[in-house]
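Report on one structure; see the data block that follows.
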Amino acid sequence: MKPDAHQVKQFLLNLQDTICQQLTAVDGAEFVEDSWQRESGGGGRSRVLRNGGVFEQAGVNFSHVHGEAMPASATAHRPELAGRSFEAMGVSLVVHPHNPYVPTSHANVRFFIAEKPGAEPVWWFGGGFDLTPFYGFEEDAIHWHRTARDLCLPFGEDVYPRYKKWCDDYFYLKHRNEQRGIGGLFFDDLNTPDFDHCFAFMQAVGKGYTDAYLPIVERRKAMAYAERERNFQLYRRGRYVEFNLVWDRGTLFGLQTGGRTESILMSMPPLVRWEYDYQPKDGSPEAALSEFIKVRDWV
(Lines of atoms letter the chains of each structure in order from A and count residues from 1; the text may use other names and numbers.)
(Lines give C-alpha, C1' and ligand atoms only; values in the text may rest on other atoms or scores of the structure.)
Protein backbone atom coordinates (compact mmCIF):
# COMPACT_ATOMS: atom_id res chain seq x y z
CA MET A 1 0.00 0.00 0.00
CA LYS A 2 1.19 3.50 -0.79
CA PRO A 3 2.02 5.67 2.25
CA ASP A 4 -1.08 7.44 3.62
CA ALA A 5 -0.05 10.52 5.61
CA HIS A 6 -3.68 11.41 6.38
CA GLN A 7 -4.28 8.04 8.01
CA VAL A 8 -1.13 8.45 10.13
CA LYS A 9 -2.19 11.94 11.19
CA GLN A 10 -5.61 10.71 12.33
CA PHE A 11 -3.98 7.97 14.40
CA LEU A 12 -1.59 10.47 16.02
CA LEU A 13 -4.39 12.91 16.92
CA ASN A 14 -6.39 10.06 18.47
CA LEU A 15 -3.29 8.79 20.30
CA GLN A 16 -2.72 12.22 21.86
CA ASP A 17 -6.36 12.30 23.00
CA THR A 18 -6.20 8.78 24.44
CA ILE A 19 -2.94 9.27 26.34
CA CYS A 20 -4.17 12.56 27.83
CA GLN A 21 -7.40 10.87 28.94
CA GLN A 22 -5.47 7.99 30.52
CA LEU A 23 -3.09 10.31 32.40
CA THR A 24 -5.99 12.47 33.60
CA ALA A 25 -7.79 9.35 34.86
CA VAL A 26 -4.75 8.52 37.04
CA ASP A 27 -4.05 12.09 38.16
CA GLY A 28 -7.41 13.86 38.40
CA ALA A 29 -6.13 17.10 36.84
CA GLU A 30 -6.93 18.19 33.28
CA PHE A 31 -4.58 19.09 30.46
CA VAL A 32 -4.52 22.66 29.14
CA GLU A 33 -4.27 22.83 25.34
CA ASP A 34 -2.22 25.37 23.41
CA SER A 35 -2.86 25.17 19.65
CA TRP A 36 -0.23 26.78 17.45
CA GLN A 37 0.46 27.46 13.77
CA ARG A 38 3.80 27.43 11.97
CA GLU A 39 4.27 30.35 9.58
CA SER A 40 6.01 28.25 6.95
CA GLY A 41 3.40 25.47 7.09
CA GLY A 42 1.63 23.31 9.64
CA GLY A 43 1.12 23.54 13.37
CA GLY A 44 0.22 21.48 16.38
CA ARG A 45 -1.47 20.97 19.73
CA SER A 46 0.65 21.21 22.87
CA ARG A 47 -1.06 19.92 26.00
CA VAL A 48 0.29 20.36 29.52
CA LEU A 49 -0.89 19.09 32.89
CA ARG A 50 0.76 20.93 35.78
CA ASN A 51 0.79 20.41 39.56
CA GLY A 52 -1.67 17.55 39.48
CA GLY A 53 -2.30 14.96 42.16
CA VAL A 54 0.35 12.58 40.78
CA PHE A 55 2.20 14.43 38.02
CA GLU A 56 4.21 17.58 38.64
CA GLN A 57 4.20 18.13 34.89
CA ALA A 58 3.08 16.05 31.93
CA GLY A 59 3.41 17.36 28.39
CA VAL A 60 1.83 15.61 25.39
CA ASN A 61 2.62 17.26 22.05
CA PHE A 62 1.19 16.67 18.59
CA SER A 63 2.84 18.44 15.67
CA HIS A 64 2.41 18.33 11.89
CA VAL A 65 4.71 20.54 9.85
CA HIS A 66 5.10 20.68 6.07
CA GLY A 67 6.92 22.70 3.47
CA GLU A 68 7.93 22.95 -0.16
CA ALA A 69 11.59 22.18 0.53
CA MET A 70 13.68 20.62 3.29
CA PRO A 71 16.15 22.83 5.20
CA ALA A 72 19.72 22.58 3.90
CA SER A 73 20.83 21.04 7.21
CA ALA A 74 18.58 18.04 6.50
CA THR A 75 19.39 17.53 2.82
CA ALA A 76 23.15 17.67 3.51
CA HIS A 77 22.84 14.24 5.17
CA ARG A 78 20.15 12.96 2.79
CA PRO A 79 20.74 14.28 -0.72
CA GLU A 80 17.79 12.23 -2.02
CA LEU A 81 15.47 14.67 -0.17
CA ALA A 82 16.62 17.71 -2.16
CA GLY A 83 13.88 19.23 -4.32
CA ARG A 84 11.06 17.44 -2.50
CA SER A 85 8.15 18.80 -0.50
CA PHE A 86 7.87 17.21 2.93
CA GLU A 87 5.54 16.43 5.82
CA ALA A 88 6.69 15.54 9.35
CA MET A 89 4.27 14.61 12.11
CA GLY A 90 4.42 13.02 15.51
CA VAL A 91 3.33 12.73 19.12
CA SER A 92 5.96 13.31 21.79
CA LEU A 93 5.46 13.25 25.53
CA VAL A 94 7.31 13.43 28.83
CA VAL A 95 5.83 12.81 32.29
CA HIS A 96 7.54 14.15 35.45
CA PRO A 97 5.82 12.80 38.60
CA HIS A 98 5.82 14.43 42.05
CA ASN A 99 6.77 11.25 43.90
CA PRO A 100 10.46 10.29 43.52
CA TYR A 101 9.51 6.60 43.64
CA VAL A 102 7.54 7.03 40.41
CA PRO A 103 9.90 7.12 37.41
CA THR A 104 9.91 9.78 34.71
CA SER A 105 8.81 8.47 31.31
CA HIS A 106 9.16 9.60 27.71
CA ALA A 107 7.55 8.37 24.49
CA ASN A 108 7.56 9.47 20.88
CA VAL A 109 6.13 8.22 17.59
CA ARG A 110 6.67 10.03 14.31
CA PHE A 111 6.30 9.82 10.53
CA PHE A 112 8.14 11.62 7.75
CA ILE A 113 7.41 11.70 4.01
CA ALA A 114 9.04 13.67 1.18
CA GLU A 115 7.56 13.71 -2.33
CA LYS A 116 8.06 15.11 -5.80
CA PRO A 117 6.12 14.54 -9.03
CA GLY A 118 7.18 11.51 -11.04
CA ALA A 119 9.20 9.91 -8.22
CA GLU A 120 8.49 7.37 -5.50
CA PRO A 121 7.96 9.01 -2.09
CA VAL A 122 10.73 8.78 0.51
CA TRP A 123 9.21 7.95 3.91
CA TRP A 124 9.96 6.42 7.29
CA PHE A 125 8.65 5.94 10.83
CA GLY A 126 10.49 6.43 14.11
CA GLY A 127 9.78 6.42 17.81
CA GLY A 128 10.02 4.49 21.05
CA PHE A 129 9.68 4.88 24.80
CA ASP A 130 12.10 4.92 27.72
CA LEU A 131 11.94 5.00 31.52
CA THR A 132 14.05 7.05 33.95
CA PRO A 133 13.73 5.84 37.55
CA PHE A 134 15.22 7.63 40.57
CA TYR A 135 14.90 4.57 42.80
CA GLY A 136 15.24 1.15 41.21
CA PHE A 137 12.57 -1.55 41.52
CA GLU A 138 13.31 -4.73 39.59
CA GLU A 139 9.64 -5.67 39.19
CA ASP A 140 8.96 -2.29 37.54
CA ALA A 141 11.87 -2.65 35.13
CA ILE A 142 10.82 -6.20 34.24
CA HIS A 143 7.22 -5.11 33.61
CA TRP A 144 8.39 -2.18 31.44
CA HIS A 145 10.65 -4.35 29.29
CA ARG A 146 8.24 -7.30 29.16
CA THR A 147 5.55 -4.97 27.78
CA ALA A 148 8.05 -3.67 25.20
CA ARG A 149 9.10 -7.20 24.23
CA ASP A 150 5.53 -8.48 23.95
CA LEU A 151 4.38 -5.66 21.65
CA CYS A 152 7.40 -6.32 19.40
CA LEU A 153 6.94 -10.11 19.12
CA PRO A 154 4.26 -10.08 16.36
CA PHE A 155 6.75 -8.14 14.20
CA GLY A 156 9.64 -10.60 14.62
CA GLU A 157 11.78 -12.27 17.28
CA ASP A 158 14.72 -9.95 16.61
CA VAL A 159 12.77 -6.66 16.89
CA TYR A 160 12.83 -6.19 20.68
CA PRO A 161 16.55 -6.99 21.20
CA ARG A 162 17.51 -4.73 18.28
CA TYR A 163 15.43 -1.74 19.36
CA LYS A 164 16.30 -2.23 23.05
CA LYS A 165 20.00 -1.99 22.17
CA TRP A 166 19.35 1.07 20.00
CA CYS A 167 17.55 2.67 22.97
CA ASP A 168 20.41 1.84 25.36
CA ASP A 169 22.93 3.29 22.90
CA TYR A 170 20.88 6.43 22.25
CA PHE A 171 19.94 7.45 25.81
CA TYR A 172 23.52 7.55 27.02
CA LEU A 173 25.29 10.59 28.50
CA LYS A 174 28.81 10.40 27.13
CA HIS A 175 30.08 13.20 29.36
CA ARG A 176 28.85 11.32 32.47
CA ASN A 177 29.55 7.81 31.17
CA GLU A 178 26.11 6.66 32.28
CA GLN A 179 22.70 5.70 30.90
CA ARG A 180 19.83 8.18 31.20
CA GLY A 181 17.61 5.43 32.61
CA ILE A 182 16.74 1.78 31.98
CA GLY A 183 15.83 2.29 28.32
CA GLY A 184 13.01 0.57 26.46
CA LEU A 185 12.62 0.85 22.68
CA PHE A 186 14.06 3.21 20.08
CA PHE A 187 13.74 2.96 16.30
CA ASP A 188 14.19 5.28 13.34
CA ASP A 189 14.24 5.17 9.52
CA LEU A 190 11.75 2.29 9.53
CA ASN A 191 10.36 1.73 6.01
CA THR A 192 10.60 -2.02 5.34
CA PRO A 193 8.98 -4.35 4.45
CA ASP A 194 6.09 -2.00 3.55
CA PHE A 195 3.97 0.90 4.79
CA ASP A 196 1.22 -1.19 6.43
CA HIS A 197 3.71 -3.25 8.46
CA CYS A 198 5.66 -0.19 9.62
CA PHE A 199 2.52 1.78 10.46
CA ALA A 200 1.16 -1.17 12.49
CA PHE A 201 4.41 -1.30 14.48
CA MET A 202 4.35 2.43 15.17
CA GLN A 203 0.74 2.08 16.40
CA ALA A 204 1.74 -0.79 18.70
CA VAL A 205 4.51 1.32 20.24
CA GLY A 206 2.20 4.32 20.69
CA LYS A 207 -0.49 2.24 22.38
CA GLY A 208 2.02 0.17 24.37
CA TYR A 209 3.47 3.15 26.25
CA THR A 210 0.60 3.50 28.74
CA ASP A 211 0.41 -0.32 29.16
CA ALA A 212 4.06 -0.18 30.20
CA TYR A 213 3.94 2.96 32.35
CA LEU A 214 0.61 3.31 34.15
CA PRO A 215 0.82 0.08 36.22
CA ILE A 216 4.16 1.34 37.59
CA VAL A 217 2.61 4.72 38.45
CA GLU A 218 -0.27 3.01 40.28
CA ARG A 219 2.15 0.80 42.21
CA ARG A 220 4.41 3.65 43.41
CA LYS A 221 2.34 6.85 43.58
CA ALA A 222 1.28 6.47 47.23
CA MET A 223 4.72 5.54 48.63
CA ALA A 224 5.83 7.84 51.45
CA TYR A 225 8.86 10.02 50.77
CA ALA A 226 10.67 12.91 52.47
CA GLU A 227 13.08 15.71 51.64
CA ARG A 228 16.00 13.33 51.04
CA GLU A 229 14.21 11.50 48.22
CA ARG A 230 12.89 14.74 46.75
CA ASN A 231 16.36 16.29 46.71
CA PHE A 232 17.77 13.22 44.97
CA GLN A 233 14.96 13.30 42.40
CA LEU A 234 15.71 16.96 41.61
CA TYR A 235 19.43 16.20 41.36
CA ARG A 236 18.85 13.29 38.96
CA ARG A 237 16.49 15.41 36.87
CA GLY A 238 19.61 17.42 36.06
CA ARG A 239 20.80 14.45 33.99
CA TYR A 240 17.56 14.64 32.02
CA VAL A 241 18.20 18.29 31.19
CA GLU A 242 21.84 17.58 30.29
CA PHE A 243 20.85 14.81 27.89
CA ASN A 244 18.12 16.81 26.17
CA LEU A 245 20.22 19.93 25.64
CA VAL A 246 23.54 18.26 24.81
CA TRP A 247 22.78 14.96 23.07
CA ASP A 248 19.15 14.66 21.96
CA ARG A 249 18.92 14.87 18.17
CA GLY A 250 15.24 15.82 18.14
CA THR A 251 15.71 18.74 20.54
CA LEU A 252 18.77 20.01 18.67
CA PHE A 253 17.13 19.64 15.24
CA GLY A 254 14.00 21.46 16.42
CA LEU A 255 15.94 24.38 17.89
CA GLN A 256 18.29 24.64 14.88
CA THR A 257 15.48 24.62 12.30
CA GLY A 258 13.27 27.25 13.92
CA GLY A 259 10.85 24.88 15.62
CA ARG A 260 8.45 26.05 18.31
CA THR A 261 10.72 26.51 21.32
CA GLU A 262 8.00 26.26 23.99
CA SER A 263 6.87 22.88 22.63
CA ILE A 264 10.41 21.57 22.15
CA LEU A 265 11.42 22.46 25.71
CA MET A 266 8.17 21.16 27.22
CA SER A 267 10.13 17.98 28.01
CA MET A 268 12.14 19.85 30.65
CA PRO A 269 11.38 19.13 34.31
CA PRO A 270 9.74 22.09 36.08
CA LEU A 271 12.23 21.98 38.99
CA VAL A 272 15.80 20.67 38.96
CA ARG A 273 19.02 21.07 40.96
CA TRP A 274 22.72 20.58 40.44
CA GLU A 275 25.25 19.93 43.22
CA TYR A 276 29.00 20.06 42.74
CA ASP A 277 30.68 16.65 43.13
CA TYR A 278 27.64 15.02 44.75
CA GLN A 279 28.43 11.55 46.13
CA PRO A 280 25.61 9.44 47.61
CA LYS A 281 26.36 7.52 50.81
CA ASP A 282 27.77 4.03 50.30
CA GLY A 283 25.06 1.41 50.62
CA SER A 284 22.21 3.94 50.31
CA PRO A 285 19.27 3.52 47.89
CA GLU A 286 20.60 6.62 46.09
CA ALA A 287 24.00 4.97 45.58
CA ALA A 288 22.28 1.84 44.22
CA LEU A 289 20.84 3.74 41.24
CA SER A 290 24.13 3.88 39.33
CA GLU A 291 24.25 0.04 39.23
CA PHE A 292 20.53 -0.28 38.54
CA ILE A 293 20.61 1.80 35.34
CA LYS A 294 23.56 -0.08 33.82
CA VAL A 295 22.61 -1.90 30.61
CA ARG A 296 21.33 -5.42 31.19
CA ASP A 297 18.78 -7.91 29.86
CA TRP A 298 15.64 -7.36 31.94
CA VAL A 299 13.57 -10.10 30.26
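From the backbone N, Cα and C atoms, a Cβ is placed for every residue, glycine too.
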Need a hand: Swiss-Prot gives N108, V109, R110, G258, G259, R260 for substrate, which of S85, S92 is also on that list? S92
So which range, 204-239, 240-275, gets flagged region 'Important for dimerization' in Swiss-Prot? 240-275
Go ahead and report the DSSP secondary structure tallies for the region 'Important for dimerization' (240-275): helix first, then strand, then coil. 22 helix, 0 strand, 14 coil
Overall pLDDT of the region 'Important for dimerization' (240-275), taken as the mean: 91
Could you find out if DSSP has N108 (substrate binding site) as helix, strand or coil? strand
Just to verify a number: CA distance, G258 (substrate binding site) to H106 (active site, proton donor), in angstrom, no decimals. 23
